[in-house]
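Written below as structure tokens is the structure these notes are about.
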Amino acid sequence: MMLRRASGTKAPPPPERLPSQDKYKTRVLPLLAAAVGCIVAASLLLRTTATAWAVQTDDVVTCPEQRRMSGRAVPGTTLADDGHCVQASSLDAGVCVEDAADWRGAHRRRCLPSLAVIGAMKSGTTNIMLYLQNHPQLRTSEDMIGWPQESRYFSAAHDPEAAGRNWRFYLRKYPPATDGVLTFDKSPNYLLNPKIPSVLASLMPSLKLLVCLRNPTSRAYSHLQHECRNGRVRQAEGAVFRSKSNDESSERLSFPCAPEAFDRLVRAQLAAKKDLDKCAWARGSGSGDSNVLPRGFYDCQLAPWFDRFPRSQLLALVFEDFVSSREATLEAVARVERFAGLEPFDYGRSARVAAVERLYALMPSRGGRYAPMLAATRAALDELYCAPNRALSATLRRRLPWPCGGGGERPV
Ligand SMILES: Nc1ncnc2c1ncn2[C@@H]1O[C@H](COP(=O)(O)OS(=O)(=O)O)[C@@H](OP(=O)(O)O)[C@H]1O
């Protein structure tokens, strides 16, 4: 039924806009947009300038010299790549490749990483990276405007072997080289993918590997919260699963996800996979909710890395040890520096590091701002991970501060 307005009654005036709203639209928004624009433009400019400065003429192995070379170049060597003459079999970790001269006569030189932080996801890898990327001798892969970024080059590839053959694309993820500065790759998804170790070993056999390992029970819960934060966890008929779709038959769970939701996901996974061998589970777990639990089978995931790389090239840091205090974190970073052959750097005196530390503490991905998991879920997961933790402790020959992580000896 239509309602008629009684004649003579005036329509109510439209609600007045608050002056603060107008001020926001007319002043604050354009200012914000201008600030963002300036930052992007400055980053692009710096990037182009850095590229132009990266002229390197000395000590470059020319194409004819490379043809006479046997074996791989040693780290720090620069190979000229005129006409794509560089062969993958000459490359190694820390080897640099110089492009043919561009229209300005400038060469761009980029270096393969000397160190890769391969995982495990949600085990404090970002915290370690925040220090490393502020070390004056280290740079990591960068995005279009020069901000540090996880490369994920091999884990994002459908076929990691083809990605290895296309190593020039990988190289482009790194900033133009500066003398004495090494690069590192932080990609926590590498650890899970059993195809990646052989690809990295054939491209960069002397690559140093860093792995951060966290109690797998807590890691799994942090992982679920990560997925909830990214809007990828849904619930339907009591089942909780990871999905990117927006279909209306299920409800999206938002961060923080309730401990009960985690419990449901865990129970479903345990029921579906209970008869499967853990390494087979880890190998077949691809992406999605199916890898929240198997990512904690570290021993299975490390096996192909130990098959392809010598023990001395892998450093394992235990999350619970290195996050126990700031001193412990800095001590862990100092171990990484020694492992990677870097000069010690005094992070405590760097204003930039102090700012990064303050910023990181505010980041949404920090701080475990979610309710503790249910005791029953923890017990089920501790049981699931008991044998894998024991195996890992034996493999690493060290005691791990996790259930069933005893047994091992001191680190070698
Ligand atoms: N110093 C310190 N103290 C306590 N906790 C810390 C610290 N540094 C990292 N973290 C926790 O590590 C989790 C993030 O790990 P990653 O950086 O590896 O995550 S990611 O894989 O890169 O997404 C994430 O865990 P949750 O908060 O449980 O999700 C971080 O809070």
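Note that Cβ sites are derived from N, Cα and C of the backbone, with glycine treated the same way.
Database features, via TrEMBL:
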| type | residues | note |
| --- | --- | --- |
| REGION | 1-22 | region 'Disordered' |
| ACT_SITE | LYS122 | active site, for sulfotransferase activity |
| BINDING | ARG214, SER222 | 3'-phosphoadenylyl sulfate binding site |
Tell me the Cα distance separating SER222 (3'-phosphoadenylyl sulfate binding site) from LYS122 (active site, for sulfotransferase activity), rounded to the nearest angstrom.
6
Report the recorded positions (LYS122, ARG214, SER222) that meet this criterion: Cβ distance to the nearest atom of ligand 1 under 6 Å. Use sequence order and write none if nothing qualifies.
LYS122, SER222
Just how many other Cβ atoms lie inside 10 Å of the Cβ on LYS122 (active site, for sulfotransferase activity)?
24
Using all protein chains in view, find how many other C-beta atoms are within 10 Å of the C-beta of SER222 (3'-phosphoadenylyl sulfate binding site).
20
